[in-house]
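Enquirer: The following feature annotations were taken from TrEMBL:
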- B:22-443: domain 'DUF112' (DOMAIN)
- B:20-49: transmembrane segment (TRANSMEM)
- B:61-82: transmembrane segment (TRANSMEM)
- B:119-141: transmembrane segment (TRANSMEM)
- B:148-164: transmembrane segment (TRANSMEM)
- B:170-188: transmembrane segment (TRANSMEM)
- B:200-221: transmembrane segment (TRANSMEM)
- B:264-287: transmembrane segment (TRANSMEM)
- B:323-344: transmembrane segment (TRANSMEM)
- B:364-386: transmembrane segment (TRANSMEM)
- B:415-431: transmembrane segment (TRANSMEM)
- B:468-491: transmembrane segment (TRANSMEM)
């Protein structure tokens, strides 16, 4: 278990985010046009100012908060698997990536039996191919297969 | 009275074998489409539209109307069972529906509450549409940019009721949602905003993948720590039957007042241009937050589910008033339906009710029919839906992940959508871990574009003067309500301090 002080990092990130959006809003997009009234930067700039001020307040308050946030390795594994699906989509396509992910997750991580794995795979295949693919007509990316086919 | 006779005539049209069949198919498809994250009513209606080309206009609109309408029922299924809202109006349902299903172990009752509230809200909406449809549509037209701005300001202020224990964090996250919504093309001037030279950002952040990630994928990340708990957390010791899902008389008494209130409110919101079922659902919940509830909202309260579910179904019914009477669609789905009406050679507008009574009153009658059919189907499928919860958590995790990925791709037809889902999932997880509530971020993301465009239009009309918000009667009344909403907590706090000061003396 790692102890990360994200309670301070998040408000600082938000404040930085607000500064960028506020600056772009006022100086690049424009705040007020004398002829046409509010310019494209009008609304987001005001919101960015409020966000900046409250983020600084949240940053100060974060030092008074009790406890630190704990992140578990297993939680990061889910994030890694999501990233894995996205990356492998460019090689074996979206449907192939999803199926591969199901098999790997259930067999390697959950140590599930082949019977359970195949049942889950069949249910997912019904939803992905049957409902989304055939009925709703969604054409999923095929990755490198697209070039081969 | 005349409307009642016309409605009875409409029932004669709607109750033919062909039209009942069309309503039934529309209702079933709507439930499925609504429950599938990432699809929503817009895609459902658009997909079905070409298939209805060979039908006569009445049968076709009955099928599409039933699909649009039952979609509101379906959206709550995945929100309650998996904490993944099937569509945007179901965001509010997830707030109380999921805790009621998972923490209180009453998933069947949560689903039944949603179904009954949807039915009540929808029935109110259709009744109002029957008797005051054209008049209601004209009232909706009186809501120009300044009136909409004032109404949306009230709605945005109401978000503060959802911010949780730390108001500062709530405001930060609300502003974050608003700023994210401003990325992409400016709808009024066509100027690219905050795209940083990226062609994907030029199109803005797609809402559906964003919501699937922030609510659904972040939920999967958190769920991994519960994977040893066995079954889906909710259905371990409950009967997977309709009887086992029945609510008590006491539950029904809790459900009824918010459902009735939200039914009227939702219909009115549905009539307003651009407001839609999401705003209706949110307003219904926000009003309930001000009312007395037996349990605190957000902890699995029946009142919370009832208020938003009734409002979104009522809004769906209300949206038909401006569509039919004025030819003005209130939402994207309304625009597709309008396209359908034109495709079938009909001209929506004030004369539609007189020129095409069979069609118009047949449609309204079919909405009553769809409401009953959808309720019956939705109640009958509860035991099957509950079986989802008997699947062990360790098997649910990969399934939900795949549904999140496929759903976000389907709504955007691009891997950019999947990437947004992934990033918003991580953001939602980090924010939740650090006690930042995510609901205000999602709601401000939905409402901000509406508020901004109306506010800017109002300023353009007034030449930059604030007078427009205080000289028009409806706007003025709404602004008074807005200031009242803002001032109430401050005054209450001052009164409390004064009382505490006197007591200490």
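Glycine is treated like the rest: Cβ placed from N, Cα and C.
Caution: TrEMBL annotation is automatic and unverified by curators.
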Enquirer: Near the transmembrane segment (B:200-221), which residues from the same chain, at least 6 beyond its ends, have a CB less than 8 A from one of its CBs?
Expert: 37-38, 40, 82-85, 87-88, 91, 94, 180-181, 183-185, 192, 194, 397, 400-401, 403-404, 407-408, 411-412, 414, 416-418, 420-429, 432, 438, 441-442, 445-446
Enquirer: Taking residues 6+ outside the transmembrane segment (B:468-491), which of them lie with a CB under 8 Å of any CB in it?
Expert: 142-144, 146-147, 149-151, 153-154, 157-158, 458-459, 461-462
Enquirer: Taking only the residues in the domain 'DUF112' (B:22-443), give me the average pLDDT of this model.
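Expert: On average, pLDDT over the domain 'DUF112' (B:22-443) sits at 81.
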